[in-house]
Amino acid sequence: MKLHPILAALRKHKAGTVLISLQIALTLAIVCNAIFIIGQRIERVNRPTGLNESNLLLVTQQWVGAPNADTADGVEKLDAMQREDLAALRNLPGVVSVTPTNSLPLLNSSWTGSVSHKPGAQLGGKDNTRTAYYFIGDQAMDTFGLKLVAGRAFTAGDVQHQGFRDQPPRPIAIITKALAQKLFPDGSAVGKVMYSDGSNAPTTIIGVVERMQTPATGSWGNDFAWYSTLIPTRLDANFARYAVRTRPGQLDSVMRAVTPLLYKVNPLRVLDDDSVKSFGEIRAKAYRADVGMAILMGVICLVLIAVTAAGIVGLTSFWVGQRHRQIGVRRALGARKIDILHYFQVENLLIAGIGVLLGIALAIGLNLWLMTRYEMTRLPVLYVLVGVLAMLVIGQAAVFVPARRASNVPPVSATRAA
Amino acid sequence: MFAYYLELALRSLKRSPGLTALMVLAIGFGVAASMTSWSVFRAVSGDPIPWKSSKLFVPQIDMWGPNGRSPDGEPPNAMDYTDAVALMRDHRAKRQSAMYQISPSIVPTDASKHPLNVSGHAVYGEFFPMLDVPFQYGRGWSSSDDANRAQVVVISSKLNQKLFGGVDSVGRIVNVEGRDYRVVGVLDHWNPQPRFYDVVNSGGFSTTDADVFLPFQTAIQADITNDGNTNCNAVPDEPGFVGLQHSPCAWIAFMAELDDAAAVTAYRAYLDGYAKDQQSAGRFRWAPNNRLRDVPAWLENQHVVPSDTKVSLLVALGLLLVCLVNTVGLLLAKFLRRSSEIGVRRALGAPRAAIYTQFLVEAGIVGAAGGVLGLLLTGAGVASVGWVLPRDIASLARIDVSLLVLTLLVAVVATMLAGLYPTYRASRVQPAWQLKSN
């Protein structure tokens, strides 16, 4: 098929050609970037935390008129209250294990600090590695469902307790594999020593877990998202958090039983609607914005593609109507139906081709602009290529119906007045 | 004449219902997407205290030095106790308040009820007049109450409803963290968004109400600890809440009221002088690196408007643009299909202006129809943002008269703009040529 007649015809329809190309270009630019955003969000949401997330719940509670955690006597009293709660929760039917903890992955309530090879390092110094601490009990590994890859887990004898704002030495810790590799790239971290939060007292690493995400999901935590440190210590304050692992299928019944149970142990405390949460709820809350953004971008992409496809159908239909007579002439002169069909298909391919070329430039430009203004990364070429292919296919699909109608124009219409 | 054009337009639109529906749908969706994201953007980027925001300033003091600055040289976004108390003591602004977030428990007098947890701030008495906080009953406390560490409290109307059934509770006693406080004031529904007086701890927006306000020094003395962020550049030397007060950890927000440019200059000079004094006293080993921003600049600096909201608005505007380009194309097709009709009208003496009016009316009708559809879709959109956006943000998006008017206006004006080129082309139709070819 010769391109010349198509080009000649297009020159007669400059405005329409330009408009469709422009529309395809804009659609491609926006859809590429929107799908890229969707991809990024899905990747973020699908990151495994390292926990066994099913059958896990978190209790956050606060005592009223509690002893002062800044005094030695108060710390002991608070610790006794905490142990009383832990014992009661462990006796609850359906509960497998319970640990006190200051936070959980995705909870967005974190205690961050830094660890170093050297004692007495200044916080925020260059040779420090940022980390998020989990202060937990001896049942933490089972409760969280963490996978130990080297060394040993904590035993009951390892667990200490301290006032919430005190800074006693931390003799032992378990760290994540990511943190171990960062600190000791050349070999096993087990048995090695690190110094936490600028302390002069060493912390011996007794074990390494495969993976455990830090509590922060905001962008400020991205740099150390996998650098967690577990310290076997109960924190004593006027509030406490307990992570509870239940038997399969008993999560709901345990969640319902927790509040009355804890009130029975000690009624002078605050437990509200938010106090008992399953890990599923924590995850949903943490990623709500990301899932929402992905849905929003998805809806906008669908509307965009639909509008553009509809535009192509509309304008091509108009052209078919306008060229009714010419098509008849061509058919009368011996052109087959398939030739007419191909004519409109190639014409659309040409217009869409111009559009996608412009669109590639726009897509990259938009991405670069978003990178300077917002937290965006470079758009991978694959997204653009898939987008280009998709736009061409959509163009062909949209043009098919009017093109087929054109191919059905009978040769006799050449003899009729338009 | 207008009625005639209206009739012509309706007749023409009825003649090609498919094309008309397509245009109306495109405009409806484009406008609805833009307006829905606009309603969210408008809600989160609004000025929480427009009549006064340019007079309220947030000072920052560089107590950590070069190692504690952000990559662009910014000092910490909160204060340590030493500086906050020093600034309060010097009292150089018209009004000022240091504040920190608290989350104490409250024991209801009704013994059958469980204790509840409330959130709020420990502030100085000038906080209330400085921020024009509305009171339903009573008022804030005086500076002598601040100095005497008076056992007084200001509560929200919601907490007043919960504790006292909504009656005037001034003079009644509330038990906060095991101590009794006398109610001096009850707020009248006050929930500014973004929570501009402490964006560092609220992240800008908050679904929880500010329920209690205690005098700053009273709360410090009662060991009501900080519930907000605590950022430290070194581990405190002493343990406990007292250790935190002696440490350089940043956990206190600060706001000052400065009425004119001269006051701002003077306060800036005061801050620099203060930092120089600290330098010569050996506490700071670096030159002053302070900041003083008014509320709008501070909200901008703290990125209170989430970047997701801005990107969504941009993408939605992009969608509207594509819909308009689409409308230009379809209107062009629609108008030029009627070239012969235009030719007849022109040959019978209609001036170009008449053709213009006729087709712009037609474009306007399409726009109005798209606008009505857009209104319905915007309503659905705003109602369903709660499904996809975080609650603290989604709850702020509202439909009001201005949004409705804007939706219709954008739809009609945008469609008429889109109709300009097709109308121009229609008015250029040569009557002679059209008549001949028929």
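Glycine too: its Cβ is placed from the backbone N, Cα and C atoms.
Note: TrEMBL annotation is automatic and uncurated.
Look at TrEMBL and you will find A:20-39, A:293-320, A:349-370, A:382-403 tagged as transmembrane segment. The feature domain 'MacB-like periplasmic core' is assigned by TrEMBL to A:34-259. Sequence annotations record features per position, and here TrEMBL assigns domain 'ABC3 transporter permease C-terminal' to A:299-411.
Proximity of distant same-chain residues to the transmembrane segment (A:349-370), defined by a Cβ-Cβ separation under 8 Å and at least 6 residues beyond the stretch ends, is recorded for 3, 6-7, 10, 17, 20-30, 32-33, 36, 376, 378-379, 384, 387-388, 391-392, 395-396. Remote same-chain residues near the transmembrane segment (A:293-320) are listed as 13, 16, 19-20, 23-24, 27, 30-31, 34-35, 37-38, 41-42, 45, 327, 344, 348, 394-395, 397-399, 401-403, 405-406, 409 (criterion: CB distance under 8 Å, separation of at least six residues from the stretch ends). Beyond its flanks by at least six residues, the transmembrane segment (A:20-39) meets 293-294, 297-298, 300-301, 304-305, 307-308, 311-312, 315, 351-352, 354-356, 358-360, 362-363, 365-367, 370, 376, 379-380, 383-384, 387-388, 390-391, 395 of its own chain at Cβ-Cβ distances under 8 Å. Residue counts for the domain 'ABC3 transporter permease C-terminal' (A:299-411) under DSSP (helix as H, G, I; strand as E, B; rest coil) come to 98 helix, 0 strand, 15 coil.
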